[in-house]
Structure formats: structure tokens, C-alpha cells
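Colleague: From TrEMBL, here are the annotated features:
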- N105, H110, E115: oxalate binding site (BINDING)
- H108, H110, E115, H156: Mn(2+) binding site (BINDING)
- C32-C48: disulfide bond (DISULFID)
- 59-210: domain 'Cupin type-1' (DOMAIN)
Amino acid sequence: MKAVYFLAAFVLLGLASKLASASDPSPLQDFCIAVNDAKNVFINGKLCKDPKLATPEDFLFSGLNIPGNTSNQVRSMVTPAIVSGLNTFGISLVRIDFAPYVGLNPLHTHPRATEILVVVQGTLYVGFVTSNPDNRLFTKVLYPGDVFVFPLGLIHFQFNIGHTNAVAFAALSSQNPGVVTIANAVFGSDADINPDVLAKAFQLDKNIVNQLQSRFWSDNDNRN
């Protein structure tokens, strides 16, 4: 009998250890407001097609061979591969185009994804900054064929330092990685963050903060 009690205790201990290490899966949306209306139930924000009606076209995207329009403030463009069949698979792919020398994919984070980037044309200066308290900067100059990883949630950037167009492709470990462009979020939020908060946080004169908040903050993301 003691052996049975010991076995039961051992099984419960094992189950408890497994449950203790369990967690909710990463969300694929910025937030999900709970409702009791069954008509509002979705899978990752999408209704799903009957699998019997699926076609090869549901798993295909054509167009990543077409350069993105870089005539914006940051002179770069992110073009996603929109593939209906990727829903729930936890992966996405984008093309990033950079104008010569000035093209920048500005400081941003992906709250739900790690990014792996490969350069296929041009020369990119890339980097990311680690979290507090170290805030270490990791940078590298990349050439065609080079691959670089940007860890989940960390601030990172890519900048074209060459005199020709640059092109890169990036895969991200989420169907909806999310993008928070630092300058846009801080100085272009809707509504404005109290200028006193930003002046204190960035150690800036309040007039400079007001000037920054008055600017038009565009983005370079075709996913919007």
C-alpha cells in the first residue's frame, strides 16, 4: 500500500511540475476583449475556410520580386507576403527595400516575434539593443548572402550605407509579429503623450518635444 501511495505522490508531483511550467500561448493580436457573443469567435482574428474547399492558391503569394516604393520619409518599404494558408502557423515573411545610402528601417520592435534577415542586394548596417540594465548594442555590416538575427522584442534597425538600392528578406516567428516604431509611438501617438513626461524621460527641452510631436510621422509598412 505504501508503494501505491508513493507512486500516486510521484505522479502528482510530476503533473504539478508540468503545470507549473505551463503558460498561455503568445497572443497574435494586441488585445482581445472577452465577449459572450458566439458570433464574435475567430481563430487568430480570422474566420477559417472549410479545409475541403482549400486550393493551391490559398498557399501562394506572388509579387515579392517587385520593388517596394521607398519615396517616404525614411526611404524604405516593408512588403509582406500575404498568404491565407499561413493562418495559425506562426510564421510570416516580408521583403524590405532601401533607397541608396539614406534608406532606413527605423528603430522598432516586434513584440511577438524573433526576426531572421538575409540580404540579397546592397550593403546594410544593422543592429539591436539588449534590454535593461545592460542596453548593449550589437551591430554588423551585412553584404549579399549574410544573415542576421534580431531577438524577440528587442529594439533593432537596418540602414542602407551603400550607394545602390538594397534589398533584404526577413522571416518572423509569428503570423502577426506586431511592429512598434519607436519614434512614431513616442512622438506620434494618438493622443499625444504629455510633453512633460517626454521632456523628463529624454532629458529634452519641452519646446523640442512640442516640435517633435507636431511633425507628421509616417511609416514604411505595407502591412497597415
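Start at 1 and count along the chain as shown; that gives each residue its number.
For all residues, glycine too, the Cβ spot is worked out from N, Cα and C.
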Colleague: Taking the center of the Cβ atoms of H108, H110, E115, H156 at the recorded Mn(2+) site, which other residues in this chain have a Cβ no more than 8 Å from that point?
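Modeller: Residues close to the Mn(2+) site, other than H108, H110, E115, H156: T109, A113, F128, F150, L154, I155, L172, P177, V179.
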Colleague: List, in sequence order, those recorded positions among C48, N105, H110 whose Cα sits within 10 Å of the Cα of H156 (Mn(2+) binding site).
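Modeller: So the list reads N105, H110.
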Colleague: Rounded to a whole angstrom, what is the C-alpha distance between N105 (oxalate binding site) and C48 (disulfide bond)?
Modeller: 33
Colleague: Could you measure between H110 (oxalate binding site) and C48 (disulfide bond) for me? Cα positions, answer in whole angstrom.
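Modeller: With distance taken Cα to Cα, C48 (disulfide bond) is 25 Å from H110 (oxalate binding site).
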Colleague: May I ask for the distance between H108 (Mn(2+) binding site) and E115 (oxalate binding site), taken between their Cα atoms and rounded to an integer number of Å?
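Modeller: On Cα coordinates alone, these residues lie 12 Å apart.
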Colleague: Around the oxalate site (N105, H110, E115), what further same-chain residues have their C-beta within 8 angstroms of the site's C-beta centre?
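Modeller: Checked against the 8 Å cutoff, the neighbours are H108, T109, A113, L117, F150, H156, Q158, A170, L172, P177, V179.
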